[in-house]
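Undergrad: Feature table excerpt (Swiss-Prot):
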DOMAIN    15-300  domain 'Helicase ATP-binding'
BINDING   Ser50, Pro51, Thr52, Gly53, Thr54, Gly55, Lys56, Thr57  ATP binding site
BINDING   Cys142, Cys160, Cys169, Cys208  [4Fe-4S] cluster binding site
MOTIF     251-254  motif 'DEAH box'
REGION    876-895  region 'Disordered'
COMPBIAS  882-892  compositional bias 'Polar residues'
Amino acid sequence: MPPKASNSTEVWINPKLSVKFPFEPYECQRIFMKNVVDVLDRKLDAALESPTGTGKTLSLLCSTLAWVQRQKETKPLDFATWQTSGAGGAEKTDEKLKSAYVPTIFYASRTHSQLEQVVHELNRTEYKWVKTTILGSREHFCINQKVKKIKESNRQAHVCRGLVSKRACHYYNKFDACTTDKMTEFLDKGEAMDIEDFVKLGTQNSLCPYFMSRQRSETAELILLPYNYIIDPKMRRRYKLDLKNSIVIFDEAHNLESICESNASAELTSTSIALCIEELKKVLALLVDEEETARSEADAETGAFGSAKIDLTKKLIENLRTEDLMTVLEKIFSLEEEMDKLFGSSQLKSVPPLSGKASDGEILLETLAKAGFDANSVERLVDVLRDAISYLLSKNEEVALTEKGDGMEKVADFLLSIYSTHAQDVAAAVGEETVKLVDRVDPKTVARNCKLYIQKDKDNEKLTIKYFCFQASISMRMLKMRGVRNVLLASGTLSPIQAFTYNMGLNFGAILENEHALKQVPVLTSIVTRGKRGGLAGSFQNRKNLDYVTGVAEALLRVMEVIPQGILIFFSSYSQMDELVATWKTTKWSSNSNESFWEKMEKTKRVVVEPRAKEELAAIRLRYTQGVSEQHGAALLAVCRGKVSEGIDFCDAESRAVIIIGIPYPPIHDERVVLKKMYLDDLMGRKDTKSERQSSQDWYQMEAFRAVNQAIGRVLRHKDDFGTVVLMDTRYASAKPEMFPKWLRNTISRSDTDGCALKTSRFFKERGHLIENSKTEYIKKQAKQCKSFRQVKQTAASDSKDDIIEITLEDMFSPANMKLEKKEITKLRPPQLIPSTSSVFSLPTNEDELKIKKWEQENDIQCLSSIPLESNKRKFKIETPGPSTSTLTQKSEPPKKKKILLLTRNTLPDEYQKAIEIPTSELLKDMSDDNKKQFATTLRSYKAESIRWDEVFQRFRPIFVPHKADLFIACSNVLRSEDKMKYLKKALESKIHT
């Protein structure tokens, strides 16, 4: 029931409906909510663009939930009957009553972290009491260690199902035994729960969080879930989503078109087909043996007991029969043969510059039909494959690790994608919302909207079959055919919106390009067309032109010098970023200086680069946030469509400027890009297509500007934020205004490098007092977040029941899991070291150790290297963190060092002295993934005292020597003090020089 008291503002959207909003809404929020309510009333769809910082998520939630509550008031009896129909959900409810339900809201976003933010926003509103759940995979929800330790999500699912069917999962059994009233008591706390809340509740009460969330979805009014759970027909089937009479919201929908196409596409290799055949043979052999054993035992027993044993065997293998397996195996054999024939046939044509061959999608259906597959039988065939996988996984001791059903899984997914994605126009014409699978597949529709691409590996003859869907509207039509009432697409950056709405193929009743909350948007946008050496056209051909590369560097330096705090610099691709940075590192920025452009940039700002590996991002983010709080600020070099361009919130000081170098066009030789352009060119040549059809060049440009607009969105995160946008490429000047978000268009001007720097400098000088205030607030905010983060880590550690800890690279040098080594205290006291609180992240570092070294030198202490910081004073013993070890006091006195006879500060070579001053945060920089794994494994073993220092020496040496010998010597800083001396001595004896 809704709470009686209210601190919300009542906003009347129309004479019949008021919305309870957490505060007095801005005009842009009123407009947004009015558009939502209008399309809900008219049973239409909407595309809603509203700038970041305008409360888009709040507006979506409040307006939609208010509309649904009004529907409940008009149909109270029907709704009450539905909610009290029990855990059986839709399957136990009469269809006539079901059609009278008020709509269920499915709120989809790209990632679980974005959904957690939606939960946070929902709990700020008057509607937090609405029955809500969040769906996710076992990877996020499961608390059973047997399942959690499995990395592959598909195997997790099969193992979980096996444990559940055998009643071997304690958490599921307790969940299954829980009464409806007791479950309601657990879950109805008056506000929405995110994944972390479900997991915590499940852990505390030994209840399965995964099945709790799924069961709650049967009667929930609001269901939060990732995009692909709605779009992907395989996921809809797996989670049994009932979309009839529902409202589907896609938040952050700017990537939805490509996601729809991707989820309607499929891929299969000849290797997977061959593996599927071997796995089916294995299942057949095991099944025959098991049936023979059961019959033999049954013959030896009495009739009654024998029947019982045979029944038990049948229960264990469920519906799996040898006859079905033989039929499936025969078809997979035929599939392998037909695919080989297809590659050599004239139906496939070469597609320069690609190495493979392509055709319309209809050819694939014809090939599958020759192998014995059709829409009538494919679902049963997929069920047999799924049962075979579960059976194979149940034989853990009898089956090799390589025979766990991967081949069968991939073949099943491929077939399901092909036969359950494409909707036939006649289905809508006859008014059937639930159409048989056979009626959903129309070869002509497939041919018009898909391309088949097959590539053969020259070395091993492996075939790769790729089935590309190039029409996002197919996925949207499928949703509508399943009875979806409304589809709402929302984002901060849908522009260019006309092309977006055309490609989605929905019945739009509202297309909104919303203004910003502020009439005067506090953003300065500059298109830099020229540098000192000429035009800045960042085409692929121009990328290696030295005048262009140095021109960009000069322009970048000019604006970096006048922009305070943090700058986000986006490149078109990783390859472009790597090439430019490499040239900047070797090119002098001035004829009168020996400094390179890169060295000059590093003097201007602390410069950090977005890593390719996701697990390294936290450490890089820390270095950036630390730099932002410094006097000169920091610059983060990143890539459009990368990890930094969306999904991470850079507020205020962290994004005073967004600079985009070049235009991020999709890779011209990418398979999907080449075939998509071919598909669009084919459409342009047809007479039966609409006049608004999109050319391949228009699509190519639209894809680039959508990535640009998403990166631009980083600059303004709320109404009090401000910053500049610098588009560093001549070609932006010729772009149509509608390619940019509406709120940005009036802020755009053109200039050369000097003009841009002058305008930018003036912009920030006018806001000098705001910048000074933000510096103080930023430091306070970071300190608060850091404190909160540490408390969470300590609580999680003390609640943990596991004996095994996963050690990350970030933890390796941190003191949280290390035992303090007791040593004598010297009389001299170095300066008090204050732990950094500039970020919530933890990074391996020995910068404070270097401060102590300086203190030692000033006090004439003759010993090797620095007295270690707390992170180096501890023995590297891994412990399960608990209350007694979660907080360690920093000592101001350095421990007394053991006397070293062979090495002193005076006898250590200068090159070694310089090397051991390298911060430990530099050790992982530019290291390959394989070397990082080796480095991590070695350090874990050393910290656990399972290997000695000399083994560390041998393992580290090939990682760093000969190219990075200075870093190899710097690795001594991660060892215990007594081992550090031995390590350095051995390095000297081995004649390792920097």
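Glycine too: its Cβ is placed from the backbone N, Cα and C atoms.
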Undergrad: Among the binding-site residues Pro51, Gly53, Gly55, which residue has its Cβ surrounded by the fewest other Cβ atoms within 10 Å?
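TA: Taking Pro51, Gly53, Gly55 as the binding-site residues, the minimal 10 Å Cβ count falls on Gly53.
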Undergrad: For the motif 'DEAH box' (251-254), how many residues does DSSP put in helix, in strand and in coil?
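TA: Tallying H, G and I as helix, E and B as strand, the rest coil: 2 helix, 0 strand, 2 coil.
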Undergrad: Validating a neighbour-count step here. Other CB atoms within 10 A of the CB of Cys142 ([4Fe-4S] cluster binding site): how many?
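TA: I count 25 other Cβ atoms within 10 Å of it.
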Undergrad: What does DSSP call Thr57 (ATP binding site) in the simple three-state scheme?
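TA: Assignment for Thr57 (ATP binding site) reads helix.
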Undergrad: Between Pro51 (ATP binding site) and Cys160 ([4Fe-4S] cluster binding site), find the distance joining the two CA atoms and give it rounded to the nearest Å.
TA: 42
Undergrad: Determine which residues of this chain, when Cys142, Cys160, Cys169, Cys208 are set aside, have a Cβ within 8 Å of the centroid of the [4Fe-4S] cluster site's Cβ atoms, and list them as they appear in the sequence.
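TA: My list of surrounding residues reads Arg138, Ile143, Asn144, Val147, Leu163, Val164, Tyr171, Tyr172, Tyr210, Phe211.
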Undergrad: Taking 10 A as the limit, how many CB atoms besides its own sit near the CB of Lys56 (ATP binding site)?
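TA: The answer is 23.
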Undergrad: Centre the Cβ atoms of Ser50, Pro51, Thr52, Gly53, Thr54, Gly55, Lys56, Thr57, go out 8 Å, and tell me which other residues of that chain have a Cβ in range of the ATP site.
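TA: Other same-chain residues near the ATP site: Cys28, Ser59, Gly492, Asn514, Ala517.
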Undergrad: Taking just the CA atoms, what is the gap between Cys169 ([4Fe-4S] cluster binding site) and Thr57 (ATP binding site) in Å?
TA: 38
Undergrad: Restricting to the domain 'Helicase ATP-binding' (15-300), what is the model's mean pLDDT?
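TA: Residues in the domain 'Helicase ATP-binding' (15-300) carry a mean pLDDT of 87 in this prediction.
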Undergrad: C-alpha of Gly55 (ATP binding site) to C-alpha of Cys208 ([4Fe-4S] cluster binding site): distance in Å?
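TA: That comes out at 34 Å between the alpha carbons.
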Undergrad: Between Gly53 (ATP binding site) and Cys142 ([4Fe-4S] cluster binding site), find the distance joining the two CA atoms and give it rounded to the nearest Å.
TA: 35
Undergrad: DSSP secondary structure for Cys160 ([4Fe-4S] cluster binding site), reduced to helix/strand/coil, please.
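TA: Once the DSSP labels are grouped into three classes, Cys160 ([4Fe-4S] cluster binding site) ends up as helix.
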Undergrad: Go through Cys160, Cys169, Cys208, the listed binding-site residues, and name the one with the sparsest Cβ surroundings, counting other Cβ atoms within 10 Å.
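TA: Fewest other Cβ atoms within 10 Å, among the binding-site residues Cys160, Cys169, Cys208, is found for Cys160.
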